[in-house]
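K.L.:
I have a structure I would like to understand better, so I am pasting it below and will then ask my questions one at a time.
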Amino acid sequence: MAMLGTALRPSATRVMLLGSGELGKEVAIECQRLGIEVIAVDRYADAPAMQVAHRSHVINMLDGAALKKLVAQEMPDFIVPEIEAIATDALVELEQQGQRVVPTARAARLTMNREGIRRLAAEELGLPTSAYRFAENEAEFREAVAEIGLPCIVKPVMSSSGKGQSFIRSEEMLESAWQYAQQGGRAGAGKVIVEGVVKFDFEITLLTISAVDGVHFCAPIGHRQEDGDYRESWQPQQMSDVALTRAQEIAQKVVEALGGYGLFGVELFVCGDEVIFSEVSPRPHDTGMVTLISQDLSEFALHVRAFLGLPVGGIRQYGPAASAVILPTLKSDDVKFGELSGALGAGLQLRLFGKPEIDGSRRLGVALATGETVDDAIARAKASAAAVIVKG
């Protein structure tokens, strides 16, 4: 049985968050509910999770020496990555020295870039995926596109939220797509993946939890993407029993191969009864923010419960629910939100992330809604998000 200490006391159970965005903030809050001492880390000050942590630090998390020095200073019981852009070699070394990395350092290393996880899924586990090629320079990139065929998709092997991604329809787009991919990688210029276009009816995120009492699944989450980033998500996504069983089988294989305890966001394409693996994040997923209103245990609560070695038991899904992002475009280091009364009502909630600044378009919050049907919940969430006025 897991023993939890008390924050700010000698017995404290300490969790170090590597990445302190909106997802990390919710993880920090769930840790706080259990009296856990939270140390939030990011590359910039006043990040969302830092605002609800006991302590915070600003470092370059791609600097392995700086990361190891901070871990030696804080001596956390759990190191919890929230983003991909981390010195994963340092995590592997720390784990070998006895530190607990959530879910495992291997999972963090394999999923920090698309090459590691794609090779695991397609080549080691034999799971169905899109056709793909990797390229390290422009000549290899053009060759990969020729092999895959048009249209195709190019992504930096290490990026998130759609950064550096392009949908290539013609050869005239190749040069600009290559340059955009080189600018959008989280660790700078480098290798890309070229993917064939998959025919699918919809995409899902299957939140899969590996815990002391086994593997658990949340109801499938549907979502709409725009410019590579999610705009709305909803739960449950309707799908055939055959497809759901296949999705769960794929997700369980991936999660068990990565190892460790925690929640994983497994992304899948669904076409009829067929299911194709896309990606996996070994941590809460942005599309899973809908679970803040759709389940008795949110994805964040499930992640914390799992990595602490506590049983999940069961997950209750309340019915149709949706999330819609609040995505303004402006420049300010003093953001204010207005017209909130028009955004709230029965079955409506808001989460405003507390990001310290914005320069361009940035996700600053999310509206959450329940409804009679999924379509009703989506419409209510979108209307709530649209009602929020954001000013600098």
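Glycine is treated like the rest: Cβ placed from N, Cα and C.
OK, Swiss-Prot features for this one:
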- Glu22, Leu23, Glu82, Asp286, Lys355, Arg362, Arg363: N(1)-(5-phospho-beta-D-ribosyl)glycinamide binding site (BINDING)
- Arg114, Lys155, Ser160, Ser161, Gly162, Lys163, Gly164, Gln165, Glu195, Gly196, Val197, Val198, Glu203: ATP binding site (BINDING)
- 119-308: domain 'ATP-grasp' (DOMAIN)
- Glu267, Glu279: Mg(2+) binding site (BINDING)
K.L.:
On a count of neighbouring CB atoms within 10 A, which of the binding-site residues Glu82, Glu195, Glu203, Glu279 is highest?
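P.N.:
Within the set of binding-site residues, the most crowded position is Glu82.
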K.L.:
Roughly how many Å lie between the Cα atoms of Arg363 (N(1)-(5-phospho-beta-D-ribosyl)glycinamide binding site) and Glu279 (Mg(2+) binding site), rounded to a whole value?
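P.N.:
If we compare the Cα positions of Arg363 (N(1)-(5-phospho-beta-D-ribosyl)glycinamide binding site) and Glu279 (Mg(2+) binding site), the gap is 22 Å.
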K.L.:
Which whole-number value in Å describes the distance between the Cα atoms of Asp286 (N(1)-(5-phospho-beta-D-ribosyl)glycinamide binding site) and Glu267 (Mg(2+) binding site)?
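P.N.:
Cα to Cα, Asp286 (N(1)-(5-phospho-beta-D-ribosyl)glycinamide binding site) and Glu267 (Mg(2+) binding site) are separated by 11 Å.
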K.L.:
By a simple count, how many Cβ atoms lie within 10 Å of the Cβ of Leu23 (N(1)-(5-phospho-beta-D-ribosyl)glycinamide binding site), its own Cβ left out?
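P.N.:
There are 26 such Cβ atoms around Leu23 (N(1)-(5-phospho-beta-D-ribosyl)glycinamide binding site).
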K.L.:
Run through Glu22, Leu23, Glu195, Val197, Glu203, Lys355 for me and report the binding-site residues whose CA is within 10 Å of the CA of Glu279 (Mg(2+) binding site), in sequence order.
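P.N.:
None, since no candidate lies within 10 Å.
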K.L.:
Cα of Glu22 (N(1)-(5-phospho-beta-D-ribosyl)glycinamide binding site) to Cα of Gly164 (ATP binding site): how many Å, rounded?
P.N.:
22
K.L.:
I want to check the contact list for Gly164 (ATP binding site): same chain, sequence separation of six or more, C-beta distance under 8 angstroms. What comes out?
P.N.:
Lys155, Pro156, Tyr180, Ala181, Gln182, Gln183, Gly184, Gly185, Val192
K.L.:
Would you say which of the binding-site residues Val197, Glu267 has the most Cβ atoms within 10 Å of its own Cβ?
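P.N.:
Highest number of other Cβ atoms within 10 Å: Glu267.
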K.L.:
Given the binding-site residues Glu195, Val197, Glu203, state which is nearest to Glu82 (N(1)-(5-phospho-beta-D-ribosyl)glycinamide binding site) when distance is taken between Cα atoms.
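P.N.:
Its closest listed neighbour, by Cα, is Glu203.
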